[in-house]
Structures are given as structure tokens and as C-alpha cells.
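Here is the structure we will look at.
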């Protein structure tokens, strides 16, 4: 069964560059090299001098900091400390450091507290020139046109795309817009064009992602989330049940799961198994799918004659991942 526990040290520390709007709102913070630490010190963020920034981030940091008149922001160098990852985030810099820890694969999903993060994240216009305050978009667009530039707004959201901050080794991402910062992608993972990975979610091994991995969902090694498939997350509707897809599982195209799957499970294409789905067992007994949550070696299928959802021993091998698609990431 997929191990979702995340051994880690108590806290974290990192130096980075933060974008500050004219009203003082922190739009983002980029931490190029976050680290876990046993004794990080008290939680908080301090601004760095130019000399400190050059020492901790490299010589290029000196040129990167300062006012950006085009976007109406200031870029500042900071050092953020989290004394304990079990404690909830205290500010925007803290949240961004935790998201970086996930995408740098230093912490697994659910391996730290993310309580209250939405309150610390501003709604930001993510553009081709960098993060911009939403109220300033048209002003920045005009500034760009005045310089012969075209401003492209890729999204207006609280979370940026991961690849603008972290590019994990050994993965393929066909459409970067569909992977949020805070996604955890293990080496060998391929995310195709229709795949999506939310924050505090992702893969723990080689996986094919052609469907949606919702917030809080973890997918085990060797599993395939088929085209258009869905996994129920822990955000919408106040859900708090963690969905774990075990190892060597197949969630077929346009299928979905609202329960945990053990290892070697298959959900046939087009079948959505929610916790309340009534499932007929091999002996004729009818149970709710939640009673099978986490069980291994099960084939979930819909009887094409009666329409009944059935659970059968998964004696057949679905073939596994195509090694050619994952061995050269």
C-alpha cells in the first residue's frame, strides 16, 4: 500500500525574492533552494540587504531587487524561517515556502500544516511580465504597450503554475498551466495535456496522469489516472477524507473515485465510484463503496446488462505503464 507518511525534520528555511504591490500586499515569493532544518530558529521573514542577498542567492540577486515601475511593484530579497511545519502558516512568505517544499519534493502531501493558507494568499494576475496586482492590470498593460510589449495574462488566481517557480527533475508536463505550485511530482511522472495536479497532491512514484489529481489526493507508484478521470479532493464541499490511489492501479478514462484504492485496483472507464455508491460483491451482498476503501486487488465495473456496480477480484493484469513513456523523462 502507498505510504503517504512523510519523514521530515521539524522546520524549514530559505532565502528568496518577493514581489510586493504598491499597497504592501505580497504577491509571491520565489525560493530557489529551500531547505529542511532541525533547528531553523523562530518563525518569521526578514528583508535582506543587497550584500546578504548576493551571499545567499548569488550575484544576480542584486540586479533582481528594486522597484519595477512597469508593473508597479517592488522586488525584495527575504529570508523566511518556519520553526515547525506542524504549525499553521503565519504569512504569505510562509505559505510560499511550504508550497516550494512540496514541489521540490522535500515534503510529501499532507506532510505539513497548510491550515488557513487561502487567507494568506492574494488573488494575483499571473502575467508574462510576472505577478501583477489585479487592480493594476490595465495600467500595466498600457505600460507594456508603451514599450512595444504585449502583456499576456495567463491566469487570475491565488496559485501560480509550478513551472514558473520549480522545475523538478525527471518529469514531463505537457501543459504547464495545469500543474499548480505545491504539486508533488515524483521522478518518472508524466502529466499529459488534459492532466491536472493541484497543490498538496501528486505522485509518489512513476505515474501517468491524464486526468485530475485534486487537492489532497496522492497517487502511488506505477498507477495511471486515465484521460478525463477524476479524483475527489478535500476542498470543495468541505470533504476531509483523503483519497489515496495505491500502487499499480488504473483509473480508466472518464472514470472517477471518491474512495481510497489499495494496490492493483482497476476502475473501469466511465465508472465513478463515490463513497455512497452501492456495490454488489461476488457473493451477492450489497455494500457501500466506502466499506471497500483502501482494499487491494479489486476490479470495479458496471454490469452492462443490469447497470449494477460490481466489485470483483482483479485477477487479470491491466498491463501497467508503458515504460517507454517514462524511462527517459
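Placed from the backbone N, Cα and C atoms, the Cβ positions cover glycine too.
The annotation active site, acyl-anhydride intermediate is assigned in Swiss-Prot to 210. Feature annotation from Swiss-Prot assigns Mg(2+) 1 binding site to 177; the stated evidence is sequence analysis. Feature annotation from Swiss-Prot assigns Mg(2+) 2 binding site to 194; the stated evidence is sequence analysis. What Swiss-Prot lists as succinyl-CoA binding site is 212, 227, 230, 253, 268, 269, 276, 288, 301, 302, 303, 304, and the listing cites sequence analysis.
The two recorded residues, residue 301 (succinyl-CoA binding site) and residue 177 (Mg(2+) 1 binding site), show a Cα separation of 33 Å. Between the binding-site residues 230, 303, the minimum number of other C-beta atoms within 10 Å of a residue's C-beta occurs at 303. Here the C-alpha separation of residue 303 (succinyl-CoA binding site) and the residue listed as 'active site, acyl-anhydride intermediate' works out to 25 Å.
Comparing CA positions across the recorded positions 177, 194, 210, the one lying closest to residue 268 (succinyl-CoA binding site) turns out to be 210. The Cβ neighbour count for residue 210 (active site, acyl-anhydride intermediate), using a 10 Å radius and every protein chain shown, is 20. Taking CA atoms as the reference points, residue 194 (Mg(2+) 2 binding site) and residue 177 (Mg(2+) 1 binding site) are 10 Å apart. It is 10 Å from the Cα atom of residue 210 (active site, acyl-anhydride intermediate) to that of residue 230 (succinyl-CoA binding site).
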